[in-house]
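Pulled from Swiss-Prot, these are the features on record:
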SITE      Asn9  site 'Discriminates between blocked and unblocked aminoacyl-tRNA'
ACT_SITE  His19  active site, proton acceptor
SITE      Asp91  site 'Stabilizes the basic form of H active site to accept a proton'
COMPBIAS  198-207  compositional bias 'Basic and acidic residues'
Amino acid sequence: MKLFVGLGNPGPKYARNRHNIGFMALDQIAADHGFSPWRTKFSGQMAEGKFGSTKVTLLKPETFMNRSGQSVGEAMRFFKLEPEDVIVFHDELDLAPGKCRVKTGGGHAGHNGLRSIHGHIGPEYQRVRLGIGHPGHKDRVSGYVLSDFAKAEAAWLDDLLRGIGDGAPELAAGDTGRFMNAVSLRTAPPRSSGGSPKTDKPAKATREPPPAAKPEATPEEETRSPLQRLVDKFR
């Protein structure tokens with residue numbers, strides 16, 4: 001069994017915030033793969049489904065970001081899971097918008113949701129880092145992550161979320177390479193190698209050679225004798 005955790009803050013006020021991209025990722029997976037309706041459990045919203053024989057539970061903690069670990073810890077204890085069974089989807093300031101990376105273990109890099117999870121289950125869980133870009137200065141980070149995605153960002157955000165939905169079965173199976181391939185097919189589809197069709201260059205106009213001059217008629221060779229010519233004259 002796998003526990004997919006999406007990080008965010010509860011309520012319509014935060015629904016489209018950059019900080020809530022983890023919630024958005026789980027909503028996409030649930031919609032794409034026919035998971036059960038969301039219901040309240042483990043201090044959050046939970047939905048259940050399967051990818052083949054692998055059971056997957058989706059969890060969106062409703063404890064607010066800074067206490068996300070409380071909800072994750074409850075679910076882990078209930079299902080008797082290990083940290084390696086947990087995959088957390090979260091916003092990542094240090095990745096360009098639309099980029100996605102998978103990482104296991106390591107620090108929380110100042111992310112309050114990850115810091116809380118570290119405190120409850122340790123660092124040895126898998127993370128799906130979803131790039132939202134950086135505002136440029138640390139003093140602007142809080143306002144930036146708690147602001148809605150701009151309309152101009154809708155296209156790459158939709159591509160990223162669809163790619164996550166496409167690759168979710170591979171992620172549950174432990175094949176992060178194929179998961180990343182599925183995401184890339186949405187966010188950076190390969191360009192056609194055919195290119196624009198070639199057009200034949202018009203043939204250069206060529207002058208037709210002038211017709212060969214007909215050889216001039218030459219008088220027949222005179223073979224008659226003078227006497228014969230005289231006879232022919234009086235005929």
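Placement of Cβ uses the backbone N, Cα and C atoms for every residue, glycine included.
A distance of 12 Å separates the Cα atom of Asn9 (site 'Discriminates between blocked and unblocked aminoacyl-tRNA') from that of Asp91 (site 'Stabilizes the basic form of H active site to accept a proton').
Classification of Asp91 (site 'Stabilizes the basic form of H active site to accept a proton') by DSSP places it within a strand. His19 (active site, proton acceptor) sits 6 Å from Asp91 (site 'Stabilizes the basic form of H active site to accept a proton'), counting Cα to Cα.
Neighbour density for the residue listed as 'active site, proton acceptor': within 10 A of its CB lie 22 other CB atoms from the protein chains shown.
Around the Cβ of Asp91 (site 'Stabilizes the basic form of H active site to accept a proton'), 24 further Cβ atoms fall within 10 Å across all displayed protein chains. Secondary structure from DSSP puts Asn9 (site 'Discriminates between blocked and unblocked aminoacyl-tRNA') in coil.
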